[in-house]
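Here the structure is laid out as structure tokens; the discussion comes afterwards.
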Amino acid sequence: MALLWATAASSLPSAAALRCALAAGGKHADRLLSDLRGASANDPSAADRLIRKFLAASSKSAALNALSSFLSLSSPVALPLYERISEASWFSWKPKLAAGVVALLEKQGRCAEAETLTLDAVSRSKTHRDLALFYCDLIESFSEQGLVQPVLETYARLREVPFAGRRPYESMIKALCLMGMPGEAEAKLKEMASSGCKPSAFEFRSVIQSYGRSGLFSEMRRVVGSMEDAGLPIDTVCVNVVLSCYGHHGELPEMASWMRKMRERGIGLSIRTFNCVLNSCPRVVSIASDAGSLPLSMEELLQKLENESSSRTEALLVQELTSSSVVAGILEWSSSGSKLDLHGLHVAASYIILLKWMQELRRRFREEDVIPLEISVICGSGKHSERRGRSPIKELVSEMMFRTSSPMRIDTKNHGRFAARGKAVREWMC
């Protein structure tokens with residue numbers, strides 16, 4: 001344990017990253033994070049006591065969720081935590097968990113320990129199927145750590161196991177895509193199809209994303225066509241994958257063109273689309289981050305973007321987004337109440353949604369007889385923000401409500417909620 005903690009203490013991930021990842025582990029996992037960051041690398045026994053205390057205060061699911069989160073972040077803390085969890089009376093060996101630990105050991109150059117744990121897992125496999133599935137887990141874990149050679153070596157072992165099915169293809173395609181090898185992944189996709197196992201939309205989307213992230217857009221579009229030829233329709237999820245790839249490389253004109261084509265084909269957008277597209281718009285992000293001077297109407301924002309030659313494409317993207325039915329879909333509306341929930345939205349997307357929300361409220365008040373008893377906007381109180389208790393979206397909503405003289409105020413019983421009577425909002429809007 002001393003050696004494990006000496007390695008771990010100097011390379012803990014950031015508090016913000018771990019806080020988000022450890023949300024599933026609950027308050028005990030969050031407390032463990034804080035305590036470990038304050039522990040001295042020269043006193044591994046203190047760290048061991050903290051881990052034991054955490055396990056004593058946590059349920060089985062909370063402990064395993066915390067361990068999985070540490071593993072996903074490649075945190076060396078995962079190794080001493082795994083060692084203590086494996087000693088618990090409730091612990092039952094899981095191949096996927098073991099594969100994650102093997103990959104982390106390999107990542108740290110502790111190859112002998114990784115091989116010992118691998119051989120232990122092999123000895124626990126009672127059937128060819130068990131062994132094949134462990135190798136699949138191992139391939140995926142190695143690829144998440146960016147370890148190309150161990151992936152290829154494990155796949156060679158997997159091919160020697162008499163096991164037929166989809167999983168080996170799925171794992172290898174996923175691994176190759178994660179490691180930025182789209183050409184090899186596409187070849188494996190074709191091999192999968194020729195073997196009689198029909199690739200799913202997930203495998204196609206993985207290859208599409210890998211090509212797109214590599215900036216190989218013609219290949220990306222070709223695989224989109226192959227996906228359609230295979231009888232798998234292009235849906236909102238696939239659209240978001242393509243848009244994220246264009247956005248990753250700042251290809252805003254291509255993004256606008258793709259969105260226009262998808263609208264013409266009747267493919268809907270989603271909250272994820274708003275986040276993906278608007279996070280790729282540097283001018284919109286800049287405007288939304290300056291709550292004290294941002295435009296307070298959609299018309300004013302679009303005019304501001306169109307007046308700047310460098311951001312005219314961003315204006316087109318905002319128009320494409322706001323012409324969709326996403327806002328109407330997330331806006332609850334009835335005589336008893338109306339609610340707009342901004343959970344899941346990033347700051348720039350929240351800003352655009354709020355502007356569209358104002359437009360939508362005006363339209364409904366003018367065209368419909370319904371006046372909700374109460375109207376509310378849910379923005380959260382910042383529990384999962386990088387700085388706990390500080391919600392950038394709440395600050396955005398607060399500033400917009402203040403500058404527009406809105407009657408909506410923070411709910412005294414729920415600090416992540418703005419609310420007002422429907423009649424007061426109607427008078428404000430109209």
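Keep in mind that glycine also has a Cβ here, set from the backbone N, Cα and C atoms.
Summarising the annotation, TrEMBL assigns signal peptide to 1-17.
Sequence annotations record features per position, and here TrEMBL assigns repeat 'PPR' to 165-199 (among others). Counted with DSSP, the repeat 'PPR' (165-199) comes out as 25 helix, 0 strand, 10 coil.
TrEMBL lists 200-234 (among others) with the feature repeat 'PPR'. Long-range contacts of the repeat 'PPR' (200-234) within its own chain (CB-CB distance under 8 A, at least 6 residues past either end) are made by residues 169-170, 173-174, 176-178, 180-182, 185-186, 189, 192-193, 241-242, 244-246, 248-249, 251, 254, 262, 265, 267.
Across the repeat 'PPR' (235-269), the DSSP tally of helix, strand and coil residues reads 26 helix, 0 strand, 9 coil. TrEMBL lists 235-269 (among others) with the feature repeat 'PPR'.
Secondary structure by DSSP for the domain 'Smr' (340-429): 41 helix, 18 strand, 31 coil. TrEMBL lists 340-429 with the feature domain 'Smr'.
With a threshold of 8 Å between CB atoms, the same-chain residues lying at least 6 positions outside the repeat 'PPR' (235-269) that come near it are 201, 204-205, 208-209, 211-213, 215, 217, 220, 224, 227, 276-277, 279-281, 313-314, 316-317, 320-321, 323-326. Here the repeat 'PPR' (165-199) has a mean pLDDT of 96 out of 100.
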